[in-house]
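Participant: Encoded as structure tokens, here's the structure I'll be asking about.
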Amino acid sequence: MPTILAVESSCDETSVAIVTNRNVIANVVASQIKLHEQYGGVVPELASRRHLEMINPCIDQAMTESGLSWSDIDAIASTVTPGLVGSLIVGVTAAKTLAMVHNKPFLGIHHLEGHIYASYLGEPSLKPPFLCLLVSGGHTSLIHVIKSGVYKTIGSTRDDAAGEAFDKVARLLNLSYPGGPIIDKLAKEGNPHAFKLPEGKVSLPNNQGYHPYDSSFSGLKTAMLRLIQGLQKENPDSLPVADLCASFQYTVAQALTKRAIRACLDLNLDTIAVGGGVAANSALRNTLQAEAQNHNLQVFFPPLKYCTDNGAMIACAGEEHFINKMRSPLSLGVSSRMNLENIEQLYSVN
Ligand code: KG4
Ligand code: ZN
């Protein structure tokens, strides 16, 4: 089995990992949360500068932790899209330089494919076809994983991503960044039925009902804003933060679960793999697990450390492409967006 070293730097985590046979040998993650926290979100210019500072120490640490030498590494992979361009460039330049210096093949990886592959790290027996519910800070998608490297996105968000909604609602409640983990924690003390909130259905044209798989979270965010303002007017000194967090989280979990189950049944699939930072959410885990059981479906969530951005998931995707004889040219650039359906553009077959 090949051994792949991968670099991830698409947003606010610098990560370098080494994976072989879907087994993580090293996974070093330098999080920038502390840096961006004071601004309530990621500041792209600061992110790329911090990646530049951290990339070499992360590479050194991953190599040291693995106990391997460069001759043991078969290929170098790196996230090339989608993401913050200035941040992506840092990781990709480091990865290409390593590929050149050590004379290894280079593989450009789509970040969302990485999130899909995070599920294989926890469940090596997982095999396509399956449905992936991908819920991160930048994306909310239902992806039909048809076979290795072949994807069809059948549902997405029309506005805010699920993680983005957690982050924005946390800001409304004066909670820290990122919002997901703190809302998840506070929600444990609250009543999920304290407030009824809109689930964010997306209407189809000509009164044809609602889109079965698409979601919208901006209406929910606005409803939270109005609710918080109303409650503050009534009682300026005590906001029922736990109940607000629990009700918001419940609504998001319900919206995502309904769409994922419906899509899985409609596509005649029996497995849902969840990926992205919001896959760490406890309400989503419980609701989806229970609903899937009711419909005789299997659900896999990656281990918590592989839900948020990490190099191991990129290396895992890189390993599969390497085995399938895909290679990326060193002239491959980065891009802020690319549809998952187009990833063959990243490779030529050797
Ligand atoms: O996948 P990720 O690390 O970065 C992107 O590719 O976007 O996801 C980060 C997102 C943030 O919006 C964060 O608030 C959310 O994942 N998140 C959570 C939880 N942990 C992280 N959302 C809900 N519940 C959590 N426990
Ligand atoms: Zn991500």
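For all residues, glycine too, the Cβ spot is worked out from N, Cα and C.
Note that the structure is predicted; figures quoted are calculated from it, not measured.
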Participant: For the substrate site that TrEMBL assigns to LEU134, VAL135, SER136, GLY137, GLY138, GLY180, ASP184, ASN281, which of ASP167, ASP266 is also named?
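Facilitator: The record-listed residue among the candidates is ASP167.
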Participant: Cβ within 8 Å of the Fe cation site centroid (HIS111, HIS115, ASP309 excluded): which residues?
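Facilitator: Apart from the listed residues, the neighbours are GLU8, SER10, CYS11, THR79, LEU112, GLY114, ALA118, SER136, GLY275, GLY276, ASN310, MET313, ILE314.
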Participant: Which binding-site residues of LEU134, SER136, GLY180, ASN281, ASP309 contact ligand 2 in the sense of C-beta under 6 Å?
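Facilitator: Cβ < 6 Å from ligand 2, in sequence order: SER136, ASP309.
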Participant: Quick one: what's DSSP say for HIS115 (Fe cation binding site), helix, strand or coil?
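Facilitator: Looking at the DSSP assignment, HIS115 (Fe cation binding site) belongs to a helix.
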Participant: Of these binding-site residues, SER136, ASN281, which scores lowest on Cβ atoms within 10 Å?
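Facilitator: Comparing Cβ neighbour counts within 10 Å for the binding-site residues SER136, ASN281 gives SER136.
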Participant: Fill in the CA-CA distance, HIS115 (Fe cation binding site) to GLY138 (substrate binding site), as an integer in Å.
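Facilitator: It is 12 Å, counting Cα to Cα.
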Participant: Which residue, of the binding-site residues HIS111, HIS115, has its CB surrounded by the fewest other CB atoms within 10 A?
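Facilitator: Ranked by other Cβ atoms within 10 Å, the binding-site residues HIS111, HIS115 bottom out at HIS111.
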